[in-house]
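TrEMBL has this to say about the protein:
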type	residues	note
DOMAIN	14-218	domain 'Neurotransmitter-gated ion-channel ligand-binding'
TRANSMEM	221-245	transmembrane segment
DOMAIN	226-336	domain 'Neurotransmitter-gated ion-channel transmembrane'
TRANSMEM	251-272	transmembrane segment
TRANSMEM	284-303	transmembrane segment
Amino acid sequence: LSPGCRGAQGRFAYKLLHDLFANYSSALRPVEDTDRALNVTLQVTLSQIIDMDERNQVLTSYLWVRQTWLDAHLTWDKDGYGGIDSIRIPSSYVWRPDIILYNNADEHFGGSMETNVVLRSDGHIMWDSPAITKSSCKVDVSYFPFDGQRCRLTFGSWTYNGNQIDLRNQLDTGDLTDFVENVEWEVLGMPATRNVITYGCCSEPYPDVTYTLLLRRRASFYIFNLLLPCIMVSFLAPLGFYLPADSGEKVSLGVTVLLALTVFQLLVAESMPPSESVPLIGKYYIATMTMITASTALTIFIMNVHHCGPGARPVPPWARRLILHHMARLCCVYEVGESCRSPQR
């Protein structure tokens, strides 16, 4: 276009904006028949998972929320305004549906960013706004770190019922095309469902759109930092029985291994919610610590028997037969000088 045509387009746009909002009010629902419901279409795009706080059960995510509706009072003939088919104006100029996140867990309750809306000549309005949301999510850590979570994002109108605003989802799933991969969580899907609920306070129906975020934890970090060290440390506990009794390190080895497992148990407990369901890795730590505690107690008993001296009571024949014959063969332990493979008398 020539500079003169571009200048004419600017004058037409200014005149169009003045004519549209001369007698317009953004406080009223933009319908010609107040008895009919206004159709509002919602579409959510997941851009990034910022944080998943398992202890407080809060999911922080970065979303792009798109809302479209028809404003019956903002239509014009594009031929009368230089062929202008759409304009972009601040969202505060037009009426906007009060769609909010029902399960919001943000203490400041931050809403969407004040972005522009795209207004077309037939009255259709499209409002794209980014938002960082904190939503409550029931976290089940029974199979941590091999667990999966289902976090719901429920959007709906706060004051308008279903007879005034008919909220619908544009697609059957959330948009994941621009999703930035998270290092801890893998997104399996984001299906969307429309629900119509009648609350106890009111007789009118209230529609909402619920997006279910399906997450699966990446367990490699926890395998190399929590599971493998625990397995290697627990293998040191039976070695205390093979240490000589005169070395003085049999009890010290058991106590050291027990303290190491206690540290790993505290690391897991700090990140888990204080619920009644104990995670699987916590049960494994408790079982291993119980085994090492019994091993240390038995080592103390053996040390007591060893250091009783010549004045001690003789070992009963049944105990000698049970320990020196049956249990010794089971544990591959022989007297000094004997070979494990070919024992000689």
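Cβ coordinates come from backbone N, Cα and C, glycine included.
Among residues of the same chain six or more beyond the transmembrane segment (221-245), those with a C-beta under 8 A of the stretch's C-beta atoms are 144-145, 184, 251, 253-254, 257, 260-261, 264, 267-268, 281, 284-285, 288, 291-292, 295-296, 299, 302-303, 306-307, 331. Predicted-model confidence for the domain 'Neurotransmitter-gated ion-channel ligand-binding' (14-218) is 88, expressed as mean pLDDT. Residue counts for the domain 'Neurotransmitter-gated ion-channel transmembrane' (226-336) under DSSP, split into helix (H, G, I), strand (E, B) and coil, are 80 helix, 0 strand, 31 coil.
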